[in-house]
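Novice: Quick one: this structure, given as structure tokens, is what I'll be asking you about.
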Amino acid sequence: MPLLVCGINHQSAPLTVREKLVFTPERTPLALQSLLAEKAVNEALLLSTCNRTEIYTTVDEAATILRWLSKQPQLSGIDLRSFCYARRDIEMVRHVMRVGSGLDSMVLGEPQILGQMKQAYLLARRIGAVGSELGRLFPAVFAATKRIRSETAIGANPVSIAYAVVQLAKRIFSHLNQCQILLIGAGETIELVFSHLYNQGARHFFIANRTLTRAKQIAEPYHAQAIRLSDIPTYLPKVDIVISATMSQLPLVGKGAVESALRQRKRRPLFMADLALPRDIEPETAQLEDVYLYNIDDLQTLIAQNRQTREAAAKQAEAMVEMQAIHYMRQLQVHKAGDTIRRFRERVEMLRDQELEKALAHFQRTNDPKAVIAHFAHNLTNKILHQPTTKLRQAAYEDQVQLLLSAKELFDL
């Protein structure tokens, strides 16, 4: 059965396209069920992050997946063929291992993607979208990725989008301990941002989230204040830094609210980072004077500088990915050969049982056991060799040289 990945990422599609092709954890189960309803789609796994949306499946044609993606209502008017890529078989295996290892990430070697991939796998398996092929592939990918990360320095000197944002904020505000900071969201990205900011000396935080209880869980260890999303306009005039990363389908911070906050701040600068997809902060906010608004794509330049520390490790990791991908495909061939071996063994055992039954019946009618055994051996040998002999003669007649050579190797002749 073929292996296929089809999708878009930060290299193939701009933010304006990527943000329209985001599947939240709440939407993913229904999306997978819809995909499995498509003809020829028997297995599927959907990975959707701020930098990529990829579908891993077992169909022959990428066009099947493209057609399904194009049916998504949010993509009306967008020709995905200009942005999508497809990888098959060993190229697909190589790609998945590169993604899981962080080699294909905007931030080289970032570890979050592996956790996101594992969650996507568990979700797909839970709803029955993972069959034998993907069920064999992804545990192998996770094992290979673990080995790559432990045997190379690809994860050394941690850098991430969260870390890059903090570096960028320090260019505007060199003394983070004097800044009031508003973090919007309560997911892994915000937790990482929170941790990096705190480690850099920041101490004054407000955490806004749709669920106040979740905001309090994140805020309490840092003695921060949890607020509701509806309170954001009230707190905007008080803060110097705003960093947002939610799964909201609509903007949470509008240009008007920021404009009002700036008037109350008496034009003091406001650093804003929108790490969400779709975006949490209206893009037009960047037009306001004294606002420094950055989105995910804006971070690429800074992240490119950080990549240099991991380039040597990346070369080693790439070599390991290649080795692991080849190993997996060879193991897959061995597994497929196992079915052939099993059927061959079953056939020979059937012939043996048939001849053994005849021999046992013959024992009842003769006093010469040696003759019975000789007859049994002769008949069994003929039955086993009949089909291969016929095929070899046919191959010789049709000048199938390669088949004859393979037979010599197979039977050690």
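Keep in mind that glycine also has a Cβ here, set from the backbone N, Cα and C atoms.
Pulled from Swiss-Prot, these are the listed features:
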{"type": "BINDING", "residues": "Thr49, Cys50, Asn51, Arg52, Ser105, Glu110, Pro111, Gln112, Gln116", "note": "substrate binding site"}
{"type": "ACT_SITE", "residues": "Cys50", "note": "active site, nucleophile"}
{"type": "SITE", "residues": "His95", "note": "site 'Important for activity'"}
{"type": "BINDING", "residues": "Gly185, Ala186, Gly187, Glu188, Thr189, Ile190", "note": "NADP(+) binding site"}
Novice: Around the NADP(+) site recorded as Gly185, Ala186, Gly187, Glu188, Thr189, Ile190, what other same-chain residues have a C-beta within 8 angstroms of the site's C-beta center?
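Specialist: Sorted by sequence, the hits are Glu191, Leu192, Val193, Ala245, Thr246.
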Novice: Have a look around the residue listed as 'active site, nucleophile' and count the other CB atoms within 10 A of its CB, chains all included.
Specialist: 23
Novice: So, three-state DSSP: helix, strand or coil for Thr189 (NADP(+) binding site)?
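Specialist: Assignment for Thr189 (NADP(+) binding site) reads helix.
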Novice: Would you say which of the binding-site residues Pro111, Gly185, Gly187 has the most Cβ atoms within 10 Å of its own Cβ?
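Specialist: Answer returned by the neighbour count: Gly185.
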Novice: I want the residues beyond Thr49, Cys50, Asn51, Arg52, Ser105, Glu110, Pro111, Gln112, Gln116 whose C-beta is within 8 angstroms of the mean position of the substrate site's C-beta atoms, in chain order.
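Specialist: Once Thr49, Cys50, Asn51, Arg52, Ser105, Glu110, Pro111, Gln112, Gln116 are set aside, the remaining close residues are Gly102, Met106, Val107, Ile113, Ile161.
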Novice: Tell me which residues of the chain lie with their Cβ under 8 angstroms from that of Ser105 (substrate binding site), as long as they are six or more apart in sequence?
Specialist: Asn51, Val99, Ile113
Novice: Going by Cα-Cα distance, pick out whichever of the binding-site residues Thr49, Gly185, Thr189, Ile190 is nearest to His95 (site 'Important for activity').
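Specialist: Sorting the binding-site residues by distance from His95 (site 'Important for activity'), the top entry is Thr49.
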Novice: How many Å lie between the Cα of Thr189 (NADP(+) binding site) and the Cα of Pro111 (substrate binding site)?
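Specialist: For Thr189 (NADP(+) binding site) versus Pro111 (substrate binding site), the Cα atoms are 12 Å apart.
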